[in-house]
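Asker: Following this message is one structure expressed as structure tokens.
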């Protein structure tokens, strides 16, 4: 099989490429250059698109004896990932750019070019499994990345390889050390690659500018002001800019963001509890149109799952949670799973477009305990 190994410069993609070579596939290594200018490359940072990462990926490819290429997808990355990220915050949403990058860059732009060049598949170092054409959770629950792959469609999955899905992370590092790969002890990346200092608010402020609005309590009283809704996300507690503590002394959290009026509403933790989600922009859920199923839903990359009743109607998923979630924001992905003893199966995903608080639902719609 002719395989493109997407090599980020980290230990996971390095071992994935090494395994493919050992299995006898015809492999080339590809590193994606996503920064638009040299100043945005994160020299020395722990990420997936810095100059250091590119060099590490090249050294691994040389050690494996495979061709290595750097493909410039910076324009596509700006258009399909960075700009939508900014626009989403302008609309009061909280997007995950890594999911968008997987959907539009790593498994669309890269795959399209690879197929045009005669390759059969793209392989990455993601922790997930493909079995009988179904995307499943990885063996290593602590590293499972099926959530961030829930945005892939059937055609993309048909050309994917995830060589690490049956292995735990500590064993991957041991394998890299045994093979003498330079990335064996390299730390994992956790930040957003195009925000090198991790200051999302400053990044958005530089692109959007000041757009003042009001901070209100649950009764609609103005209790403060802000410079832009992009500085807030649902569930946020710190940095609200309130002039003083709440009268009852309880912490205050962001409970709603209204992009039309520029209003940010705050309340107690109880006000954050939601019992129903609505999701649109559905992926791989068309076959379930008109159906109601008992499933599980995950709304954060490193969050837990909750049981839910999912109804698909007219391209929108209504997700009734069996126990409440807190801090759920519009723009997050809701990935739907079907429990399975051989690894939970990803049925598909949608983008959360609305939520309903527990207080607005019948008491029996969602349970009494909260999950984060």
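Cβ atoms are placed via backbone N, Cα and C, with glycine included.
The feature active site, nucleophile is assigned by Swiss-Prot to 101. Annotation source Swiss-Prot lists active site, cysteine persulfide intermediate at 193. Under the heading ATP binding site, Swiss-Prot lists 6, 7, 8, 9, 10, 11, 12, 13, 32, 125, citing sequence analysis as support. The disulfide bond annotation in Swiss-Prot covers 101-193 and is backed by sequence analysis. Residues annotated as site 'Interaction with tRNA' in Swiss-Prot, with sequence analysis given as evidence: 126, 332.
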Asker: Across the record's ATP-binding residues 6, 7, 8, 9, 10, 11, 12, 13, 32, 125, the largest CA-CA distance in angstrom?
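Answerer: Those residues reach a largest Cα separation of 16 Å.
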Asker: For each of the recorded positions (6, 32, 101, 193), count the other CB atoms lying within 10 A of its CB, then report the residue with the highest count.
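Answerer: The residue with the most neighbouring Cβ atoms within 10 Å is 101.
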Asker: Just to be sure I understand the packing, how many Cβ atoms besides its own are within 10 Å of the Cβ of residue 126 (site 'Interaction with tRNA')?
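Answerer: By my count, 26.
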Asker: Using only C-alpha positions, which one of 101, 126, 193, 332 is spatially nearest residue 10 (ATP binding site)? These are the recorded positions in the record.
Answerer: 126
Asker: Long-range neighbours only, meaning 6 or more apart in sequence with Cβ under 8 Å: which ones does residue 332 (site 'Interaction with tRNA') have?
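Answerer: Non-local contacts for residue 332 (site 'Interaction with tRNA'): 94, 95, 96, 299, 300, 351, 352.
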Asker: Of the recorded positions 101, 126, 193, which sits closest to residue 12 (ATP binding site) by Cα distance?
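Answerer: Going through 101, 126, 193 one by one, the closest to residue 12 (ATP binding site) is 126.
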Asker: Specify the count of other C-beta atoms within 10 Å of the C-beta of residue 12 (ATP binding site).
Answerer: 25
Asker: Check residue 6 (ATP binding site) against DSSP and tell me helix, strand or coil, would you?
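Answerer: DSSP call for residue 6 (ATP binding site): strand.
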Asker: Can you give me the Cα-Cα distance between residue 6 (ATP binding site) and residue 101 (active site, nucleophile) in Å, rounded to a whole number?
Answerer: 13
Asker: Within 10 Å of the Cβ of residue 10 (ATP binding site), how many other Cβ atoms are there?
Answerer: 23
Asker: When DSSP is mapped onto helix/strand/coil, what comes out for residue 32 (ATP binding site)?
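Answerer: Its secondary structure by DSSP: strand.
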Asker: Give the number of CB atoms, excluding that of residue 8 (ATP binding site) itself, located within 10 Å of its CB.
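Answerer: So the number of other Cβ atoms within 10 Å of residue 8 (ATP binding site) is 25.
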